[in-house]
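Here's what TrEMBL has on this protein:
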- SER112: active site, phosphoserine intermediate (ACT_SITE)
- GLY38, LEU39, SER40, GLY41, SER42, GLY43, LYS44, SER45: ATP binding site (BINDING)
- 30-180: domain 'APS kinase' (DOMAIN)
- 1-25: region 'Disordered' (REGION)
Amino acid sequence: MNNNDETKNNVFWHQSAIKKEDREKQNGHRSIMIWFTGLSGSGKSTIANALQHKLFEKNINVYLLDGDNLRHGINKNLSFTAEDRQENIRRTAEIGKLFVDAGTVVLSALISPFEKERLNARALFKQGEFIEVYVKCSIEECENRDPKGLYKKARKGEIPHFTGIDQPYEEPKNPEIVMDTNKLSIGESVEILISYLFDKAGLLLNIKE
Ligand SMILES: Nc1ncnc2c1ncn2[C@@H]1O[C@H](COP(=O)(O)OS(=O)(=O)O)[C@@H](OP(=O)(O)O)[C@H]1O
Ligand SMILES: Nc1ncnc2c1ncn2[C@@H]1O[C@H](COP(=O)(O)OP(=O)(O)O)[C@@H](O)[C@H]1O
């Protein structure tokens, strides 16, 4: 029997006395996973951070899971091979699911370059609970920005498996939102996201007791 079979046979699910809906009601807003994906330097962290700040000011319970930061802790044992990126995304999606269950609006900012893994992440959530935001930016512009000097290093062959250089980035097929940061300013991107969340996704709950 492998570990998976042991888990299936001997581990049971305990229903929580407090449901996600109870937490959402107490908070006055829905809990949602907002999944940013895009090349390094496309603007994921910058936009997600600015959005986080706007939501925090509006008293929304919000938390940002940044790929770089997770790789300092829970994901510190993972490299950038396709296999390890897959595990990186799986763990992050599971963490996001816990945060959503806890009533939080979760933002994640990971390159998450493969469509299959992003679909697996989406599959953990209910319909309408997972919002994929493709932060679209040409590789030329990302390389021009190069905020951490990583493209320069990758071009010199100092960073293996670098996304967009010697590892592919698969564009999302059906993202809820596409932000073209070649054209949009940071402020414009944040405004588009705020409108989507409040007007389309119904973030605020209309609670009448
Ligand atoms: N080989 C390689 N390819 C891409 N990126 C690299 C690599 N090595 C280190 N970095 C730095 O790691 C950040 C990406 O980590 P992620 O966890 O978001 O990647 S992934 O989702 O597992 O693909 C990425 O952060 P962002 O620039 O914010 O995207 C880089 O700072
Ligand atoms: N229109 C824009 N939208 C987002 N970021 C931009 C834009 N124009 C320039 N930038 C800059 O590009 C860099 C993007 O870096 P970062 O947010 O770390 O990207 P990522 O998290 O995708 O790697 C930042 O230095 C940011 O200030």
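Heads up, the Cβ atoms here are built off N, Cα and C, so glycines get one too.
Features recorded in TrEMBL, as mapped to the structure shown.
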{"residue": "GLY38", "record": "ATP binding site", "Cβ within 10 Å": "27"}
{"residue": "LEU39", "record": "ATP binding site", "Cβ within 10 Å": "23"}
{"residue": "SER40", "record": "ATP binding site", "Cβ within 10 Å": "26"}
{"residue": "GLY41", "record": "ATP binding site", "Cβ within 10 Å": "24"}
{"residue": "SER42", "record": "ATP binding site", "Cβ within 10 Å": "28"}
{"residue": "GLY43", "record": "ATP binding site", "Cβ within 10 Å": "25"}
{"residue": "LYS44", "record": "ATP binding site", "Cβ within 10 Å": "29"}
{"residue": "SER45", "record": "ATP binding site", "Cβ within 10 Å": "21"}
{"residue": "SER112", "record": "active site, phosphoserine intermediate", "Cβ within 10 Å": "27"}
List the recorded positions SER40, SER42, GLY43, SER45, SER112 whose Cβ sits under 6 Å from any atom of ligand 1, in sequence order.
-> SER40, SER45, SER112
Do any of the recorded positions SER40, SER45, SER112 touch ligand 2, in the sense that the CB is under 6 Å from one of its atoms?
-> SER40, SER45
Non-local residues, at least 6 beyond the ends, that sit with Cβ under 8 Å of the region 'Disordered' (1-25) = 31, 100-103, 205, 207
Rounded to the nearest Å, what's the C-alpha distance separating GLY41 (ATP binding site) and SER112 (active site, phosphoserine intermediate)? Just drop the number here, would you?
-> 13
Would you list, in sequence order, the residues of this chain other than GLY38, LEU39, SER40, GLY41, SER42, GLY43, LYS44, SER45 that have their CB within 8 A of the centroid of the site's CB atoms, where the site is the one recorded for ATP?
-> ALA109, ILE111, VAL135, CYS137, CYS142, THR181
CA pair SER45 (ATP binding site) / the residue listed as 'active site, phosphoserine intermediate', Å rounded to integer, equals 13
Smallest Cα-Cα separation from SER112 (active site, phosphoserine intermediate) among the binding-site residues GLY38, SER40, GLY43, LYS44 is shown by GLY38
